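Trainee: From TrEMBL, here are the annotated features:
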TRANSMEM  6-22  transmembrane segment
TRANSMEM  43-62  transmembrane segment
TRANSMEM  74-96  transmembrane segment
TRANSMEM  126-150  transmembrane segment
TRANSMEM  170-189  transmembrane segment
TRANSMEM  201-220  transmembrane segment
TRANSMEM  285-306  transmembrane segment
TRANSMEM  318-337  transmembrane segment
TRANSMEM  349-369  transmembrane segment
TRANSMEM  390-406  transmembrane segment
TRANSMEM  412-429  transmembrane segment
Amino acid sequence: MEVFYYMVFGVLGLIVAALELSKTNKDRITTSQAFTSFKNNYLLVYSLMMAGDWLQGPYVYYLYTTYGYGKGDIGQLFIAGFGSSMLFGTIVGSLADKQGRKRACITYCITYILSCMTKHSPQYKVLLLGRILGGVATSLLFSAFESWLVAEHNKRGFEQQWLSLTFSKAIFLGNGLIAILSGLFGNFLVDVAALGPVAPFDAAACILALGMAIILSSWGENYGDPSENKDLLSQFKGAAVAIASDEKIALLGAIQSLFEGSMYTFVFLWTPALSPNDEEIPHGFIFATFMLASMLGSSVAARLMARTSPRVESYMQIVFLVSAASLLLPIVTNFFVSSSEMKDGGISLGASVQLVGFCAFEGCVGIFWPSIMKMRSQYIPEEARSTIMNFFRIPLNIFVCIVLYNVNAFPITIMFGMCSIFLFVAAVLQRRLLVITDKSKLDDWTSMKERDIETEPLNDD
(Lines of atoms letter the chains of each structure in order from A and count residues from 1; the text may use other names and numbers.)
(Lines give C-alpha, C1' and ligand atoms only; values in the text may rest on other atoms or scores of the structure.)
Protein backbone atom coordinates (compact mmCIF):
# COMPACT_ATOMS: atom_id res chain seq x y z
CA MET A 1 0.00 0.00 0.00
CA GLU A 2 1.30 3.44 -0.91
CA VAL A 3 3.01 5.72 1.56
CA PHE A 4 0.51 8.49 0.78
CA TYR A 5 -2.35 6.60 2.49
CA TYR A 6 -0.24 6.03 5.61
CA MET A 7 0.74 9.72 5.62
CA VAL A 8 -2.87 10.94 5.55
CA PHE A 9 -3.91 8.44 8.23
CA GLY A 10 -0.89 9.28 10.40
CA VAL A 11 -1.38 13.05 10.17
CA LEU A 12 -5.08 12.74 11.10
CA GLY A 13 -4.21 10.41 13.99
CA LEU A 14 -1.64 12.85 15.35
CA ILE A 15 -4.06 15.78 15.14
CA VAL A 16 -6.81 13.83 16.95
CA ALA A 17 -4.36 12.76 19.67
CA ALA A 18 -3.05 16.31 20.05
CA LEU A 19 -6.56 17.75 20.34
CA GLU A 20 -7.65 15.22 22.95
CA LEU A 21 -4.47 15.57 25.03
CA SER A 22 -4.36 19.37 24.88
CA LYS A 23 -7.83 19.99 26.29
CA THR A 24 -7.92 22.66 28.99
CA ASN A 25 -10.59 23.47 31.56
CA LYS A 26 -12.18 25.80 29.01
CA ASP A 27 -12.65 22.82 26.71
CA ARG A 28 -14.21 20.64 29.40
CA ILE A 29 -17.60 20.74 31.09
CA THR A 30 -17.73 20.16 34.85
CA THR A 31 -20.46 17.63 35.64
CA SER A 32 -21.73 15.52 38.52
CA GLN A 33 -21.00 11.89 39.38
CA ALA A 34 -24.63 10.94 38.73
CA PHE A 35 -24.45 12.42 35.24
CA THR A 36 -21.15 10.66 34.51
CA SER A 37 -22.71 7.29 35.36
CA PHE A 38 -25.76 8.08 33.23
CA LYS A 39 -23.60 9.25 30.31
CA ASN A 40 -21.30 6.22 30.43
CA ASN A 41 -24.26 3.84 30.45
CA TYR A 42 -25.74 5.54 27.38
CA LEU A 43 -22.39 5.65 25.57
CA LEU A 44 -21.88 1.91 26.18
CA VAL A 45 -25.30 1.09 24.73
CA TYR A 46 -24.94 3.53 21.82
CA SER A 47 -21.50 2.16 20.96
CA LEU A 48 -22.86 -1.40 20.88
CA MET A 49 -25.77 -0.28 18.68
CA MET A 50 -23.42 1.47 16.26
CA ALA A 51 -21.04 -1.52 16.25
CA GLY A 52 -23.97 -3.70 15.18
CA ASP A 53 -24.62 -1.27 12.33
CA TRP A 54 -21.00 -0.67 11.24
CA LEU A 55 -20.14 -4.38 11.15
CA GLN A 56 -22.74 -4.92 8.42
CA GLY A 57 -22.08 -1.91 6.20
CA PRO A 58 -18.88 -2.94 4.37
CA TYR A 59 -20.17 -6.43 3.53
CA VAL A 60 -23.79 -5.97 2.40
CA TYR A 61 -22.92 -5.34 -1.27
CA TYR A 62 -20.21 -8.01 -1.25
CA LEU A 63 -22.54 -10.62 0.26
CA TYR A 64 -25.15 -10.01 -2.44
CA THR A 65 -22.53 -10.48 -5.17
CA THR A 66 -21.44 -13.81 -3.65
CA TYR A 67 -25.06 -14.94 -3.98
CA GLY A 68 -24.84 -14.17 -7.70
CA TYR A 69 -26.86 -10.95 -7.89
CA GLY A 70 -25.94 -8.20 -10.31
CA LYS A 71 -25.76 -4.45 -9.91
CA GLY A 72 -29.40 -3.92 -10.90
CA ASP A 73 -30.79 -6.43 -8.39
CA ILE A 74 -28.53 -5.10 -5.65
CA GLY A 75 -29.63 -1.54 -6.43
CA GLN A 76 -33.27 -2.59 -5.99
CA LEU A 77 -32.43 -4.18 -2.64
CA PHE A 78 -30.83 -0.94 -1.44
CA ILE A 79 -33.81 1.09 -2.69
CA ALA A 80 -36.08 -1.25 -0.71
CA GLY A 81 -34.08 -0.46 2.42
CA PHE A 82 -34.32 3.31 2.05
CA GLY A 83 -37.98 3.08 0.96
CA SER A 84 -38.76 0.99 4.03
CA SER A 85 -37.03 3.55 6.23
CA MET A 86 -39.20 6.27 4.70
CA LEU A 87 -42.53 4.43 5.00
CA PHE A 88 -42.51 1.86 7.79
CA GLY A 89 -39.67 3.46 9.73
CA THR A 90 -41.60 6.71 10.03
CA ILE A 91 -44.62 4.91 11.47
CA VAL A 92 -42.61 2.76 13.89
CA GLY A 93 -40.49 5.73 14.94
CA SER A 94 -43.60 7.77 15.64
CA LEU A 95 -44.97 5.04 17.86
CA ALA A 96 -41.96 5.64 20.11
CA ASP A 97 -43.47 8.91 21.31
CA LYS A 98 -46.69 7.11 22.27
CA GLN A 99 -45.58 3.62 23.31
CA GLY A 100 -42.22 4.53 24.85
CA ARG A 101 -38.69 5.25 23.64
CA LYS A 102 -37.16 2.31 25.54
CA ARG A 103 -39.54 -0.06 23.77
CA ALA A 104 -38.55 1.53 20.47
CA CYS A 105 -34.85 0.96 21.20
CA ILE A 106 -35.57 -2.70 22.01
CA THR A 107 -37.57 -2.94 18.78
CA TYR A 108 -34.49 -1.64 16.94
CA CYS A 109 -32.39 -4.47 18.37
CA ILE A 110 -34.94 -7.17 17.55
CA THR A 111 -35.60 -5.83 14.04
CA TYR A 112 -31.91 -5.56 13.16
CA ILE A 113 -31.14 -9.03 14.59
CA LEU A 114 -33.89 -10.48 12.35
CA SER A 115 -32.41 -8.55 9.42
CA CYS A 116 -29.00 -10.12 10.14
CA MET A 117 -30.55 -13.60 10.20
CA THR A 118 -32.01 -13.16 6.70
CA LYS A 119 -28.47 -12.80 5.31
CA HIS A 120 -28.00 -16.57 5.62
CA SER A 121 -30.48 -17.13 2.79
CA PRO A 122 -29.57 -16.57 -0.89
CA GLN A 123 -33.27 -16.23 -1.77
CA TYR A 124 -34.04 -12.78 -3.18
CA LYS A 125 -37.37 -12.43 -1.33
CA VAL A 126 -35.71 -13.26 1.99
CA LEU A 127 -32.95 -10.73 1.32
CA LEU A 128 -35.61 -8.18 0.36
CA LEU A 129 -37.34 -8.80 3.69
CA GLY A 130 -33.99 -8.26 5.40
CA ARG A 131 -33.55 -4.89 3.68
CA ILE A 132 -37.08 -3.83 4.73
CA LEU A 133 -36.34 -4.78 8.35
CA GLY A 134 -33.01 -2.99 8.12
CA GLY A 135 -34.72 0.19 6.87
CA VAL A 136 -37.08 0.18 9.86
CA ALA A 137 -34.14 -0.39 12.20
CA THR A 138 -32.17 2.50 10.70
CA SER A 139 -35.03 4.93 11.34
CA LEU A 140 -35.19 3.81 14.96
CA LEU A 141 -31.41 4.06 15.39
CA PHE A 142 -31.39 7.71 14.35
CA SER A 143 -34.47 8.79 16.31
CA ALA A 144 -35.43 6.57 19.25
CA PHE A 145 -32.07 6.57 21.05
CA GLU A 146 -31.61 10.33 20.83
CA SER A 147 -35.23 10.90 21.91
CA TRP A 148 -34.78 8.61 24.93
CA LEU A 149 -31.53 10.35 25.87
CA VAL A 150 -32.94 13.90 25.73
CA ALA A 151 -36.10 12.99 27.66
CA GLU A 152 -34.20 11.02 30.32
CA HIS A 153 -31.56 13.74 30.64
CA ASN A 154 -34.24 16.36 31.30
CA LYS A 155 -36.26 14.07 33.58
CA ARG A 156 -33.23 13.57 35.82
CA GLY A 157 -32.69 17.32 36.08
CA PHE A 158 -29.23 17.50 34.48
CA GLU A 159 -28.05 20.80 33.02
CA GLN A 160 -28.90 21.41 29.36
CA GLN A 161 -25.28 22.12 28.39
CA TRP A 162 -24.23 18.65 29.54
CA LEU A 163 -26.21 17.15 26.64
CA SER A 164 -23.60 18.47 24.21
CA LEU A 165 -20.94 16.45 26.06
CA THR A 166 -22.92 13.23 25.59
CA PHE A 167 -23.61 14.04 21.93
CA SER A 168 -19.97 14.75 21.06
CA LYS A 169 -18.71 11.66 22.91
CA ALA A 170 -21.34 9.49 21.22
CA ILE A 171 -20.20 10.61 17.77
CA PHE A 172 -16.49 10.37 18.71
CA LEU A 173 -17.02 6.77 19.80
CA GLY A 174 -19.93 5.53 17.69
CA ASN A 175 -19.09 7.19 14.35
CA GLY A 176 -15.32 7.14 14.84
CA LEU A 177 -13.52 4.66 17.06
CA ILE A 178 -16.25 1.99 16.95
CA ALA A 179 -16.49 2.28 13.15
CA ILE A 180 -12.74 1.72 12.79
CA LEU A 181 -12.71 -1.22 15.21
CA SER A 182 -15.79 -2.73 13.54
CA GLY A 183 -14.13 -2.51 10.15
CA LEU A 184 -11.00 -4.21 11.45
CA PHE A 185 -13.01 -6.89 13.27
CA GLY A 186 -15.14 -7.57 10.20
CA ASN A 187 -12.00 -7.84 8.08
CA PHE A 188 -10.59 -10.35 10.59
CA LEU A 189 -13.74 -12.49 10.50
CA VAL A 190 -13.96 -12.57 6.71
CA ASP A 191 -10.33 -12.54 5.52
CA VAL A 192 -8.20 -13.83 8.41
CA ALA A 193 -10.54 -16.30 10.10
CA ALA A 194 -12.11 -17.12 6.69
CA LEU A 195 -15.59 -17.45 8.20
CA GLY A 196 -17.29 -16.08 5.09
CA PRO A 197 -19.17 -12.85 4.32
CA VAL A 198 -22.10 -13.75 6.63
CA ALA A 199 -19.84 -13.78 9.73
CA PRO A 200 -19.97 -9.98 10.34
CA PHE A 201 -23.78 -10.15 10.38
CA ASP A 202 -23.74 -12.94 12.96
CA ALA A 203 -21.30 -10.93 15.09
CA ALA A 204 -23.55 -7.86 14.73
CA ALA A 205 -26.55 -9.87 15.94
CA CYS A 206 -24.65 -11.00 19.04
CA ILE A 207 -23.52 -7.44 19.83
CA LEU A 208 -27.06 -6.10 19.38
CA ALA A 209 -28.38 -8.80 21.72
CA LEU A 210 -25.84 -7.73 24.35
CA GLY A 211 -26.90 -4.09 23.98
CA MET A 212 -30.55 -5.07 24.28
CA ALA A 213 -29.81 -6.90 27.54
CA ILE A 214 -28.22 -3.74 28.97
CA ILE A 215 -31.23 -1.64 27.89
CA LEU A 216 -33.66 -4.07 29.50
CA SER A 217 -31.73 -4.14 32.78
CA SER A 218 -30.70 -0.50 33.23
CA TRP A 219 -32.91 1.88 31.22
CA GLY A 220 -36.13 3.47 32.40
CA GLU A 221 -39.08 4.18 30.11
CA ASN A 222 -40.06 7.65 28.92
CA TYR A 223 -42.72 8.93 26.57
CA GLY A 224 -43.50 11.90 24.36
CA ASP A 225 -47.16 12.85 24.18
CA PRO A 226 -48.83 11.93 27.52
CA SER A 227 -52.39 11.99 26.16
CA GLU A 228 -54.15 8.64 26.07
CA ASN A 229 -56.52 9.19 23.16
CA LYS A 230 -54.22 10.51 20.43
CA ASP A 231 -53.95 8.07 17.53
CA LEU A 232 -51.12 7.77 15.04
CA LEU A 233 -52.77 10.04 12.45
CA SER A 234 -53.22 12.74 15.09
CA GLN A 235 -49.53 12.44 15.97
CA PHE A 236 -48.59 12.93 12.31
CA LYS A 237 -50.87 15.95 12.05
CA GLY A 238 -49.42 17.41 15.25
CA ALA A 239 -45.86 16.94 13.98
CA ALA A 240 -46.76 18.51 10.61
CA VAL A 241 -48.36 21.49 12.36
CA ALA A 242 -45.29 21.94 14.57
CA ILE A 243 -43.00 21.96 11.52
CA ALA A 244 -45.27 24.31 9.55
CA SER A 245 -45.87 26.73 12.42
CA ASP A 246 -42.27 27.04 13.66
CA GLU A 247 -39.78 28.21 11.03
CA LYS A 248 -36.85 27.07 13.18
CA ILE A 249 -38.04 23.44 13.09
CA ALA A 250 -38.71 23.61 9.34
CA LEU A 251 -35.25 25.07 8.68
CA LEU A 252 -33.64 22.43 10.86
CA GLY A 253 -35.39 19.66 8.92
CA ALA A 254 -34.36 21.12 5.56
CA ILE A 255 -30.75 21.55 6.68
CA GLN A 256 -30.59 17.98 7.97
CA SER A 257 -32.09 16.52 4.78
CA LEU A 258 -29.74 18.49 2.51
CA PHE A 259 -26.61 17.52 4.45
CA GLU A 260 -27.49 13.88 5.04
CA GLY A 261 -28.65 13.46 1.43
CA SER A 262 -25.25 14.73 0.24
CA MET A 263 -23.50 12.50 2.79
CA TYR A 264 -25.27 9.31 1.67
CA THR A 265 -24.64 10.20 -1.98
CA PHE A 266 -20.95 10.65 -1.15
CA VAL A 267 -20.89 7.08 0.20
CA PHE A 268 -21.73 5.79 -3.29
CA LEU A 269 -19.40 8.17 -5.13
CA TRP A 270 -16.06 8.17 -3.32
CA THR A 271 -14.86 4.82 -4.69
CA PRO A 272 -15.21 5.69 -8.42
CA ALA A 273 -13.87 9.17 -7.70
CA LEU A 274 -10.63 7.83 -6.19
CA SER A 275 -10.22 5.09 -8.82
CA PRO A 276 -11.43 6.60 -12.13
CA ASN A 277 -9.41 4.08 -14.15
CA ASP A 278 -10.31 1.12 -11.91
CA GLU A 279 -7.08 1.44 -9.94
CA GLU A 280 -6.63 -0.90 -7.01
CA ILE A 281 -7.25 1.12 -3.85
CA PRO A 282 -7.36 -0.08 -0.21
CA HIS A 283 -11.09 0.45 0.48
CA GLY A 284 -10.93 -0.69 4.09
CA PHE A 285 -7.97 1.51 4.95
CA ILE A 286 -9.54 4.54 3.23
CA PHE A 287 -12.78 3.90 5.15
CA ALA A 288 -10.80 3.82 8.40
CA THR A 289 -9.12 7.10 7.38
CA PHE A 290 -12.52 8.71 6.79
CA MET A 291 -13.69 7.56 10.22
CA LEU A 292 -10.56 9.02 11.80
CA ALA A 293 -11.36 12.33 10.09
CA SER A 294 -14.88 12.09 11.53
CA MET A 295 -13.36 11.55 14.99
CA LEU A 296 -11.31 14.70 14.46
CA GLY A 297 -14.49 16.61 13.62
CA SER A 298 -16.33 15.36 16.71
CA SER A 299 -13.34 16.33 18.87
CA VAL A 300 -13.47 19.85 17.41
CA ALA A 301 -17.24 19.96 18.01
CA ALA A 302 -16.75 18.97 21.65
CA ARG A 303 -14.43 21.96 22.15
CA LEU A 304 -16.79 24.34 20.39
CA MET A 305 -19.89 23.23 22.30
CA ALA A 306 -18.11 23.39 25.65
CA ARG A 307 -17.92 27.17 25.24
CA THR A 308 -20.67 29.75 25.04
CA SER A 309 -19.13 31.35 21.93
CA PRO A 310 -19.31 30.71 19.03
CA ARG A 311 -22.84 29.34 19.10
CA VAL A 312 -23.76 26.20 17.17
CA GLU A 313 -26.01 28.18 14.81
CA SER A 314 -23.05 30.40 13.94
CA TYR A 315 -20.15 28.00 13.31
CA MET A 316 -22.29 25.51 11.37
CA GLN A 317 -22.48 28.03 8.52
CA ILE A 318 -18.72 27.63 8.06
CA VAL A 319 -18.96 23.85 8.33
CA PHE A 320 -21.49 23.69 5.48
CA LEU A 321 -19.42 26.00 3.27
CA VAL A 322 -16.27 23.94 3.86
CA SER A 323 -18.14 20.71 3.09
CA ALA A 324 -19.55 22.27 -0.13
CA ALA A 325 -16.04 23.29 -1.22
CA SER A 326 -14.58 19.86 -0.43
CA LEU A 327 -17.09 18.10 -2.71
CA LEU A 328 -16.23 20.49 -5.54
CA LEU A 329 -12.71 19.05 -5.69
CA PRO A 330 -13.62 16.13 -8.01
CA ILE A 331 -14.96 18.68 -10.51
CA VAL A 332 -11.89 20.92 -10.19
CA THR A 333 -9.41 18.06 -10.54
CA ASN A 334 -11.37 16.71 -13.53
CA PHE A 335 -10.73 19.97 -15.37
CA PHE A 336 -7.17 20.71 -14.28
CA VAL A 337 -5.57 17.32 -13.60
CA SER A 338 -5.30 14.54 -16.16
CA SER A 339 -6.79 11.25 -14.95
CA SER A 340 -3.76 9.44 -16.35
CA GLU A 341 -1.33 11.61 -14.39
CA MET A 342 -0.17 9.19 -11.74
CA LYS A 343 1.52 9.86 -8.43
CA ASP A 344 4.46 7.50 -7.86
CA GLY A 345 2.95 5.10 -10.38
CA GLY A 346 -0.06 4.38 -8.16
CA ILE A 347 -2.78 6.72 -6.97
CA SER A 348 -3.33 9.60 -9.39
CA LEU A 349 -2.52 13.19 -8.45
CA GLY A 350 -6.17 14.13 -8.80
CA ALA A 351 -7.22 11.26 -6.53
CA SER A 352 -4.62 12.37 -3.95
CA VAL A 353 -6.11 15.87 -3.85
CA GLN A 354 -9.62 14.44 -3.68
CA LEU A 355 -8.70 12.12 -0.80
CA VAL A 356 -7.59 15.10 1.28
CA GLY A 357 -10.80 16.92 0.36
CA PHE A 358 -12.91 13.91 1.25
CA CYS A 359 -11.21 13.73 4.64
CA ALA A 360 -12.14 17.40 5.14
CA PHE A 361 -15.75 16.50 4.29
CA GLU A 362 -15.72 13.63 6.80
CA GLY A 363 -14.34 16.05 9.38
CA CYS A 364 -17.39 18.25 8.69
CA VAL A 365 -19.59 15.16 9.16
CA GLY A 366 -17.97 14.65 12.58
CA ILE A 367 -18.87 18.23 13.55
CA PHE A 368 -22.35 18.02 12.01
CA TRP A 369 -23.73 15.09 14.03
CA PRO A 370 -23.31 16.38 17.62
CA SER A 371 -24.15 19.92 16.49
CA ILE A 372 -27.42 18.97 14.79
CA MET A 373 -28.28 16.82 17.83
CA LYS A 374 -27.83 19.84 20.08
CA MET A 375 -30.00 22.05 17.86
CA ARG A 376 -32.69 19.35 17.71
CA SER A 377 -32.70 19.13 21.51
CA GLN A 378 -33.29 22.91 21.67
CA TYR A 379 -35.95 23.39 18.98
CA ILE A 380 -37.95 20.15 18.61
CA PRO A 381 -40.82 19.83 21.12
CA GLU A 382 -40.51 16.87 23.48
CA GLU A 383 -44.02 15.48 22.97
CA ALA A 384 -43.41 14.68 19.28
CA ARG A 385 -39.61 14.39 19.10
CA SER A 386 -39.36 10.95 17.44
CA THR A 387 -42.23 11.71 15.06
CA ILE A 388 -40.71 14.98 13.86
CA MET A 389 -37.22 13.47 13.55
CA ASN A 390 -38.59 10.72 11.31
CA PHE A 391 -40.49 13.33 9.28
CA PHE A 392 -37.09 14.88 8.56
CA ARG A 393 -35.91 11.56 7.10
CA ILE A 394 -38.70 11.34 4.50
CA PRO A 395 -37.18 13.80 1.96
CA LEU A 396 -33.75 12.32 2.72
CA ASN A 397 -34.87 8.79 1.82
CA ILE A 398 -36.71 9.99 -1.29
CA PHE A 399 -33.57 11.76 -2.45
CA VAL A 400 -31.32 8.74 -1.84
CA CYS A 401 -33.75 6.42 -3.66
CA ILE A 402 -33.73 8.76 -6.68
CA VAL A 403 -29.92 8.90 -6.65
CA LEU A 404 -29.66 5.10 -6.44
CA TYR A 405 -32.13 4.65 -9.27
CA ASN A 406 -30.24 7.08 -11.53
CA VAL A 407 -26.69 6.46 -10.32
CA ASN A 408 -25.54 5.50 -13.85
CA ALA A 409 -27.51 8.21 -15.65
CA PHE A 410 -25.26 11.16 -14.77
CA PRO A 411 -21.48 11.71 -14.80
CA ILE A 412 -19.83 11.60 -11.39
CA THR A 413 -18.90 15.29 -11.62
CA ILE A 414 -22.59 16.23 -12.00
CA MET A 415 -23.45 14.22 -8.89
CA PHE A 416 -20.73 15.91 -6.84
CA GLY A 417 -21.78 19.32 -8.17
CA MET A 418 -25.37 18.64 -7.10
CA CYS A 419 -24.20 17.68 -3.59
CA SER A 420 -22.07 20.81 -3.38
CA ILE A 421 -25.07 22.98 -4.32
CA PHE A 422 -27.20 21.27 -1.67
CA LEU A 423 -24.53 21.96 0.96
CA PHE A 424 -24.30 25.61 -0.07
CA VAL A 425 -28.10 25.90 0.27
CA ALA A 426 -27.77 24.31 3.73
CA ALA A 427 -25.30 27.08 4.64
CA VAL A 428 -27.80 29.73 3.48
CA LEU A 429 -30.60 28.12 5.51
CA GLN A 430 -28.29 27.90 8.53
CA ARG A 431 -27.69 31.63 8.20
CA ARG A 432 -31.45 32.17 8.22
CA LEU A 433 -31.76 30.00 11.34
CA LEU A 434 -29.10 32.11 13.08
CA VAL A 435 -30.93 35.34 12.19
CA ILE A 436 -34.25 33.99 13.52
CA THR A 437 -32.74 32.76 16.80
CA ASP A 438 -30.92 36.06 17.31
CA LYS A 439 -34.16 37.98 16.69
CA SER A 440 -36.04 35.69 19.09
CA LYS A 441 -33.45 36.27 21.82
CA LEU A 442 -33.54 40.03 21.21
CA ASP A 443 -37.34 40.05 21.48
CA ASP A 444 -37.18 38.06 24.72
CA TRP A 445 -34.60 40.46 26.15
CA THR A 446 -36.66 43.50 25.11
CA SER A 447 -39.87 42.16 26.64
CA MET A 448 -38.04 41.27 29.85
CA LYS A 449 -36.56 44.76 29.99
CA GLU A 450 -40.01 46.31 29.50
CA ARG A 451 -41.42 44.21 32.36
CA ASP A 452 -38.58 45.36 34.62
CA ILE A 453 -39.32 48.99 33.76
CA GLU A 454 -43.03 48.53 34.46
CA THR A 455 -42.38 47.00 37.90
CA GLU A 456 -39.84 49.63 38.98
CA PRO A 457 -42.45 52.24 40.18
CA LEU A 458 -44.22 49.54 42.19
CA ASN A 459 -41.01 48.65 43.92
CA ASP A 460 -40.30 52.31 44.71
CA ASP A 461 -43.65 52.64 46.46
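Our numbering is plain: 1 for the first residue shown, then up by one each step along the chain.
The backbone N, Cα and C atoms fix where each Cβ goes, and this holds for glycine too.
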Trainee: Test of understanding: applying the rule of at least three C-beta pairs under 8 Å (pairs 6 or more apart in sequence), is the transmembrane segment (170-189) touching the transmembrane segment (43-62)?
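Mentor: Yes, since the transmembrane segment (43-62) and the transmembrane segment (170-189) share at least 3 Cβ pairs closer than 8 Å, they count as touching.
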Trainee: Quickly jot the same-chain residues contacting the transmembrane segment (201-220) by Cβ under 8 Å, restricted to those at least six beyond its ends, or write none.
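Mentor: Sequence-remote neighbours of the transmembrane segment (201-220) are 41, 44-45, 48-49, 51-53, 55-56, 59, 63, 102, 105-106, 109-110, 112-113, 116-117, 119, 148, 152, 185-186, 189.
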Trainee: Between the stretches 74-96, 285-306, 318-337, which one has more Cβ pairs under 8 Å with the transmembrane segment (390-406) than any other?
Mentor: 74-96
Trainee: Considering only Cβ pairs under 8 Å, which range in 126-150, 318-337, 412-429 makes the most contacts with the transmembrane segment (349-369)?
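Mentor: Maximum Cβ contact count belongs to 318-337.
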Trainee: Where else in the chain does the transmembrane segment (74-96) make close Cβ contacts, counting only residues six or more beyond its ends and a cut-off under 8 Å?
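Mentor: For the transmembrane segment (74-96), the nonlocal Cβ contacts are 61, 64-65, 103-104, 107, 127-128, 131-140, 143-144, 147, 224, 232, 235-236, 239, 386-387, 389-391, 393-394, 397-398, 400-401, 404-405, 407.
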